[in-house]
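Chemist: Have a look at this one before I ask anything.
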(Lines of atoms letter the chains of each structure in order from A and count residues from 1; the text may use other names and numbers.)
(Lines give C-alpha, C1' and ligand atoms only; values in the text may rest on other atoms or scores of the structure.)
Protein backbone atom coordinates (compact mmCIF):
# COMPACT_ATOMS: atom_id res chain seq x y z
CA UNK A 1 0.00 0.00 0.00
CA UNK A 2 1.47 3.35 -1.07
CA UNK A 3 2.02 6.05 1.57
CA UNK A 4 -0.70 8.67 1.79
CA UNK A 5 -0.05 12.05 0.13
CA UNK A 6 -0.48 14.78 2.74
CA UNK A 7 0.55 17.93 0.85
CA UNK A 8 2.11 18.82 -2.49
CA UNK A 9 3.12 21.95 -4.35
CA UNK A 10 6.02 24.03 -5.61
CA UNK A 11 8.86 24.93 -3.25
CA UNK A 12 12.35 26.20 -3.98
CA UNK A 13 14.98 23.66 -2.89
CA UNK A 14 18.69 24.16 -2.34
CA UNK A 15 20.79 21.63 -4.20
CA UNK A 16 22.99 19.33 -2.12
CA UNK A 17 25.89 19.30 -4.65
CA UNK A 18 26.04 22.70 -6.37
CA UNK A 19 24.15 24.65 -3.67
CA UNK A 20 21.92 26.30 -6.30
CA UNK A 21 18.28 27.07 -5.54
CA UNK A 22 15.71 25.63 -7.96
CA UNK A 23 11.92 25.26 -7.91
CA UNK A 24 10.78 21.68 -7.34
CA UNK A 25 7.44 19.89 -7.16
CA UNK A 26 7.46 18.64 -3.57
CA UNK A 27 5.24 15.86 -2.19
CA UNK A 28 4.87 15.24 1.55
CA UNK A 29 4.07 11.60 2.29
CA UNK A 30 3.36 9.96 5.64
CA UNK A 31 6.93 8.69 5.89
CA UNK A 32 9.00 11.04 3.74
CA UNK A 33 9.28 13.90 1.28
CA UNK A 34 9.71 13.33 -2.46
CA UNK A 35 10.81 16.10 -4.80
CA UNK A 36 10.47 16.18 -8.58
CA UNK A 37 11.91 18.43 -11.27
CA UNK A 38 8.39 18.72 -12.75
CA UNK A 39 4.95 17.84 -11.49
CA UNK A 40 4.45 15.58 -14.52
CA UNK A 41 7.62 13.49 -13.83
CA UNK A 42 6.98 9.85 -12.94
CA UNK A 43 10.04 9.35 -10.74
CA UNK A 44 11.38 11.72 -8.07
CA UNK A 45 14.85 13.28 -8.10
CA UNK A 46 15.19 12.39 -4.47
CA UNK A 47 13.46 11.32 -1.26
CA UNK A 48 13.96 12.54 2.32
CA UNK A 49 13.00 10.04 5.05
CA UNK A 50 11.17 11.68 7.94
CA UNK A 51 11.78 9.02 10.61
CA UNK A 52 14.17 10.51 13.14
CA UNK A 53 14.45 13.80 11.22
CA UNK A 54 14.27 17.22 12.82
CA UNK A 55 12.74 20.38 11.38
CA UNK A 56 14.00 23.95 11.86
CA UNK A 57 11.70 26.87 11.08
CA UNK A 58 12.32 29.67 10.52
CA UNK A 59 15.78 28.85 9.21
CA UNK A 60 18.23 31.76 9.45
CA UNK A 61 21.13 30.21 7.54
CA UNK A 62 20.49 32.44 4.48
CA UNK A 63 20.14 36.10 5.35
CA UNK A 64 18.50 37.32 2.16
CA UNK A 65 16.08 34.41 1.77
CA UNK A 66 12.76 34.55 3.57
CA UNK A 67 10.36 31.72 4.49
CA UNK A 68 13.06 29.00 4.55
CA UNK A 69 12.81 25.82 6.61
CA UNK A 70 15.37 23.04 7.13
CA UNK A 71 14.99 19.28 7.52
CA UNK A 72 17.92 17.40 9.07
CA UNK A 73 17.90 13.61 8.63
CA UNK A 74 19.30 11.00 11.01
CA UNK A 75 22.44 10.92 8.80
CA UNK A 76 22.91 14.66 9.53
CA UNK A 77 22.05 15.69 5.97
CA UNK A 78 20.48 19.13 5.73
CA UNK A 79 17.74 19.85 3.19
CA UNK A 80 16.62 23.47 2.72
CA UNK A 81 13.26 24.53 1.26
CA UNK A 82 11.89 28.02 0.59
CA UNK A 83 8.18 28.83 0.34
CA UNK A 84 6.70 31.71 -1.64
CA UNK A 85 5.08 33.40 1.37
CA UNK A 86 4.65 33.10 5.13
CA UNK A 87 1.34 31.21 5.30
CA UNK A 88 2.56 28.65 2.77
CA UNK A 89 5.76 27.97 4.75
CA UNK A 90 3.85 27.60 8.01
CA UNK A 91 1.37 25.18 6.43
CA UNK A 92 4.21 22.94 5.20
CA UNK A 93 5.97 23.14 8.57
CA UNK A 94 2.82 22.20 10.51
CA UNK A 95 2.17 19.14 8.35
CA UNK A 96 5.81 17.98 8.36
CA UNK A 97 6.04 18.31 12.14
CA UNK A 98 2.81 16.37 12.54
CA UNK A 99 4.01 13.66 10.13
CA UNK A 100 7.25 13.23 12.12
CA UNK A 101 5.28 13.07 15.38
CA UNK A 102 2.92 10.44 13.95
CA UNK A 103 5.88 8.30 12.84
CA UNK A 104 7.42 8.49 16.32
CA UNK A 105 4.10 7.56 17.97
CA UNK A 106 3.22 4.83 15.48
CA UNK A 107 0.07 6.69 14.43
CA UNK A 108 -1.63 7.45 11.13
CA UNK A 109 -1.57 11.05 9.92
CA UNK A 110 -4.99 12.70 10.39
CA UNK A 111 -5.87 16.35 9.94
CA UNK A 112 -8.58 16.42 12.63
CA UNK A 113 -6.96 16.72 16.02
CA UNK A 114 -8.35 14.58 18.84
CA UNK A 115 -6.90 16.83 21.51
CA UNK A 116 -9.47 18.50 23.74
CA UNK A 117 -7.39 21.62 24.26
CA UNK A 118 -4.44 23.35 22.64
CA UNK A 119 -1.86 25.08 24.79
CA UNK A 120 -0.14 28.06 23.30
CA UNK A 121 3.67 27.90 23.36
CA UNK A 122 5.45 30.05 25.93
CA UNK A 123 7.63 31.60 23.24
CA UNK A 124 6.19 34.35 21.05
CA UNK A 125 4.74 33.24 17.71
CA UNK A 126 6.42 35.74 15.38
CA UNK A 127 4.47 34.52 12.34
CA UNK A 128 1.11 35.15 14.01
CA UNK A 129 2.32 38.50 15.33
CA UNK A 130 3.45 39.49 11.82
CA UNK A 131 0.00 38.72 10.40
CA UNK A 132 -1.64 40.82 13.14
CA UNK A 133 0.68 43.72 12.34
CA UNK A 134 -0.36 43.52 8.67
CA UNK A 135 -4.11 43.51 9.44
CA UNK A 136 -5.78 46.17 7.29
CA UNK A 137 -7.96 47.53 10.13
CA UNK A 138 -6.13 46.83 13.41
CA UNK A 139 -2.53 46.55 12.23
CA UNK A 140 0.24 49.08 11.71
CA UNK A 141 -0.72 51.78 9.23
CA UNK A 142 1.52 52.06 6.16
CA UNK A 143 2.37 55.66 5.28
CA UNK A 144 4.33 57.73 2.78
CA UNK A 145 7.14 59.32 4.80
CA UNK A 146 9.68 61.94 3.75
CA UNK A 147 13.31 62.20 4.82
CA UNK A 148 16.41 63.75 3.19
CA UNK A 149 14.38 64.81 0.12
CA UNK A 150 13.22 61.22 -0.43
CA UNK A 151 9.70 59.80 -0.23
CA UNK A 152 9.44 56.35 1.38
CA UNK A 153 6.19 54.69 0.32
CA UNK A 154 4.30 51.95 2.20
CA UNK A 155 6.42 52.17 5.35
CA UNK A 156 6.26 53.15 9.02
CA UNK A 157 8.57 54.36 11.77
CA UNK A 158 10.37 52.32 14.42
CA UNK A 159 8.57 53.98 17.31
CA UNK A 160 5.21 53.23 15.60
CA UNK A 161 6.09 49.54 15.73
CA UNK A 162 6.87 49.69 19.45
CA UNK A 163 3.74 51.81 20.09
CA UNK A 164 1.62 49.16 18.34
CA UNK A 165 3.20 46.26 20.25
CA UNK A 166 2.59 48.00 23.59
CA UNK A 167 -0.98 49.19 22.81
CA UNK A 168 -1.86 45.76 21.38
CA UNK A 169 -0.62 44.20 24.67
CA UNK A 170 1.81 41.99 22.75
CA UNK A 171 4.58 43.19 25.10
CA UNK A 172 4.68 44.59 28.64
CA UNK A 173 6.93 47.59 27.97
CA UNK A 174 8.99 49.30 25.29
CA UNK A 175 12.18 47.45 26.21
CA UNK A 176 10.45 44.11 25.64
CA UNK A 177 8.96 45.53 22.45
CA UNK A 178 12.44 46.40 21.23
CA UNK A 179 13.51 42.79 21.72
CA UNK A 180 10.48 41.44 19.82
CA UNK A 181 10.90 44.00 17.00
CA UNK A 182 14.57 43.02 16.68
CA UNK A 183 13.49 39.37 16.35
CA UNK A 184 10.93 40.31 13.67
CA UNK A 185 13.68 42.19 11.83
CA UNK A 186 16.10 39.27 12.15
CA UNK A 187 13.53 36.83 10.77
CA UNK A 188 12.78 39.07 7.79
CA UNK A 189 9.22 39.96 8.85
CA UNK A 190 10.33 43.61 8.90
CA UNK A 191 12.75 45.26 6.47
CA UNK A 192 14.81 48.44 7.06
CA UNK A 193 14.26 51.46 4.80
CA UNK A 194 16.70 54.36 4.78
CA UNK A 195 20.28 54.73 5.97
CA UNK A 196 19.52 55.01 9.70
CA UNK A 197 17.58 51.77 10.02
CA UNK A 198 19.83 49.92 7.54
CA UNK A 199 22.99 50.86 9.45
CA UNK A 200 21.42 49.66 12.70
CA UNK A 201 20.37 46.36 11.11
CA UNK A 202 23.89 45.88 9.75
CA UNK A 203 25.30 46.07 13.26
CA UNK A 204 26.62 49.62 13.45
CA UNK A 205 24.18 50.46 16.28
CA UNK A 206 23.76 48.96 19.76
CA UNK A 207 20.40 47.44 18.83
CA UNK A 208 19.46 46.15 15.34
CA UNK A 209 15.99 47.75 15.63
CA UNK A 210 15.52 51.42 16.51
CA UNK A 211 12.65 52.83 18.59
CA UNK A 212 13.01 56.07 16.69
CA UNK A 213 10.68 58.30 14.62
CA UNK A 214 13.44 58.79 12.02
CA UNK A 215 14.05 55.05 11.49
CA UNK A 216 11.82 53.66 8.72
CA UNK A 217 10.71 50.05 8.16
CA UNK A 218 8.36 48.16 5.85
CA UNK A 219 6.70 44.77 5.37
CA UNK A 220 8.10 42.43 2.68
CA UNK A 221 5.95 42.38 -0.49
CA UNK A 222 4.08 45.47 0.71
CA UNK A 223 4.79 47.55 -2.38
CA UNK A 224 7.51 49.62 -0.68
CA UNK A 225 9.62 51.88 -2.86
CA UNK A 226 11.66 55.04 -2.43
CA UNK A 227 11.26 58.05 -4.73
CA UNK A 228 14.10 60.47 -5.43
CA UNK A 229 14.21 62.64 -8.54
CA UNK A 230 12.29 59.95 -10.45
CA UNK A 231 11.77 60.16 -14.19
CA UNK A 232 8.26 59.83 -15.63
CA UNK A 233 9.02 56.24 -16.67
CA UNK A 234 10.12 55.35 -13.14
CA UNK A 235 6.95 56.86 -11.70
CA UNK A 236 4.80 54.75 -14.04
CA UNK A 237 6.72 51.60 -13.08
CA UNK A 238 6.44 52.30 -9.35
CA UNK A 239 2.70 52.91 -9.69
CA UNK A 240 2.34 49.19 -10.44
CA UNK A 241 3.46 48.29 -6.92
CA UNK A 242 1.10 50.58 -5.01
CA UNK A 243 -1.75 48.07 -4.93
CA UNK A 244 -2.55 45.86 -1.95
CA UNK A 245 -1.49 42.23 -2.37
CA UNK A 246 -4.58 40.02 -2.55
CA UNK A 247 -3.02 36.71 -3.64
CA UNK A 248 0.41 35.18 -4.22
CA UNK A 249 1.95 31.81 -4.99
CA UNK A 250 3.72 29.69 -7.60
CA UNK A 251 2.26 28.82 -11.01
CA UNK A 252 3.62 27.39 -14.23
CA UNK A 253 3.87 30.01 -16.99
CA UNK A 254 4.27 29.38 -20.70
CA UNK A 255 6.94 31.47 -22.43
CA UNK A 256 5.88 33.66 -25.35
CA UNK A 257 8.79 32.79 -27.62
CA UNK A 258 10.02 29.27 -26.87
CA UNK A 259 6.64 28.11 -25.49
CA UNK A 260 8.46 26.31 -22.66
CA UNK A 261 6.94 26.12 -19.18
CA UNK A 262 8.69 27.48 -16.09
CA UNK A 263 7.73 27.88 -12.44
CA UNK A 264 7.18 31.51 -11.50
CA UNK A 265 6.15 33.20 -8.28
CA UNK A 266 3.14 35.45 -8.93
CA UNK A 267 2.01 38.40 -6.79
CA UNK A 268 -1.46 39.77 -7.54
CA UNK A 269 -2.24 43.37 -6.55
CA UNK A 270 -5.39 45.42 -6.90
CA UNK A 271 -5.84 49.15 -7.46
CA UNK A 272 -3.85 49.28 -9.64
CA UNK A 273 -4.49 45.72 -10.82
CA UNK A 274 -1.22 43.97 -11.72
CA UNK A 275 0.25 40.48 -11.59
CA UNK A 276 4.04 40.55 -11.28
CA UNK A 277 5.98 37.35 -11.76
CA UNK A 278 9.41 36.51 -10.35
CA UNK A 279 12.04 33.80 -10.46
CA UNK A 280 11.12 31.86 -7.29
CA UNK A 281 14.75 30.84 -6.78
CA UNK A 282 15.80 34.43 -6.13
CA UNK A 283 15.80 38.02 -7.32
CA UNK A 284 13.91 41.01 -5.96
CA UNK A 285 13.02 42.48 -9.35
CA UNK A 286 10.08 41.02 -11.31
CA UNK A 287 10.68 39.26 -14.63
CA UNK A 288 7.52 40.82 -16.00
CA UNK A 289 4.08 42.24 -15.24
CA UNK A 290 0.54 41.65 -16.49
CA UNK A 291 -1.77 44.68 -16.38
CA UNK A 292 -5.16 43.23 -15.48
CA UNK A 293 -7.45 46.22 -15.96
CA UNK A 294 -10.07 45.16 -18.51
CA UNK A 295 -8.55 41.72 -19.02
CA UNK A 296 -10.42 38.48 -19.67
CA UNK A 297 -9.48 35.33 -17.73
CA UNK A 298 -10.88 31.88 -18.53
CA UNK A 299 -10.20 28.19 -17.99
CA UNK A 300 -8.49 26.40 -20.87
CA UNK A 301 -9.62 22.93 -21.93
CA UNK A 302 -7.02 20.18 -22.05
CA UNK A 303 -7.33 19.73 -25.82
CA UNK A 304 -6.22 23.28 -26.57
CA UNK A 305 -3.67 23.70 -29.36
CA UNK A 306 -1.80 26.25 -27.21
CA UNK A 307 -0.33 23.65 -24.88
CA UNK A 308 1.52 20.36 -24.96
CA UNK A 309 -0.18 17.23 -23.71
CA UNK A 310 2.21 17.04 -20.75
CA UNK A 311 0.97 20.44 -19.54
CA UNK A 312 -2.78 19.92 -19.90
CA UNK A 313 -4.21 20.05 -16.39
CA UNK A 314 -5.66 23.06 -14.55
CA UNK A 315 -4.82 25.60 -17.24
CA UNK A 316 -6.18 29.11 -17.52
CA UNK A 317 -5.58 32.02 -19.88
CA UNK A 318 -5.36 35.76 -19.32
CA UNK A 319 -6.05 38.02 -22.31
CA UNK A 320 -5.12 41.62 -21.54
CA UNK A 321 -6.82 44.73 -22.90
CA UNK A 322 -3.92 44.94 -25.39
CA UNK A 323 -4.76 41.37 -26.53
CA UNK A 324 -1.62 39.76 -25.12
CA UNK A 325 -2.25 36.09 -24.20
CA UNK A 326 -0.76 34.45 -21.08
CA UNK A 327 -1.16 30.73 -20.41
CA UNK A 328 -0.78 29.61 -16.79
CA UNK A 329 -1.14 26.31 -14.96
CA UNK A 330 -2.26 25.81 -11.37
CA UNK A 331 -1.48 22.75 -9.27
CA UNK A 332 -5.12 21.79 -8.63
CA UNK A 333 -8.60 22.61 -9.98
CA UNK A 334 -9.38 24.43 -6.71
CA UNK A 335 -6.26 26.57 -7.00
CA UNK A 336 -7.11 27.43 -10.62
CA UNK A 337 -10.61 28.53 -9.58
CA UNK A 338 -9.23 30.69 -6.76
CA UNK A 339 -6.76 32.43 -9.09
CA UNK A 340 -9.41 33.06 -11.75
CA UNK A 341 -11.84 34.56 -9.21
CA UNK A 342 -9.15 36.78 -7.66
CA UNK A 343 -7.99 38.03 -11.08
CA UNK A 344 -11.58 38.74 -12.16
CA UNK A 345 -12.15 40.85 -9.05
CA UNK A 346 -8.91 42.78 -9.58
CA UNK A 347 -9.64 43.36 -13.27
CA UNK A 348 -13.00 44.96 -12.44
CA UNK A 349 -11.99 47.05 -9.41
CA UNK A 350 -8.38 47.97 -10.10
CA UNK A 351 -7.34 50.84 -12.29
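From the backbone N, Cα and C atoms, a Cβ is placed for every residue, glycine too.
According to TrEMBL, the feature domain 'PH' maps to 4-101, 244-348. The domain 'DEP' annotation in TrEMBL covers 136-221.
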Chemist: Mean pLDDT over the domain 'PH' (244-348): what is the value?
Modeler: 86
Chemist: What are the DSSP helix, strand and coil residue counts for the domain 'PH' (4-101)?
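Modeler: Once the DSSP states are binned, the domain 'PH' (4-101) shows 16 helix, 41 strand, 41 coil.
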Chemist: How do the residues of the domain 'PH' (244-348) split into helix, strand and coil according to DSSP?
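Modeler: Here the numbers are 19 helix, 45 strand, 41 coil.
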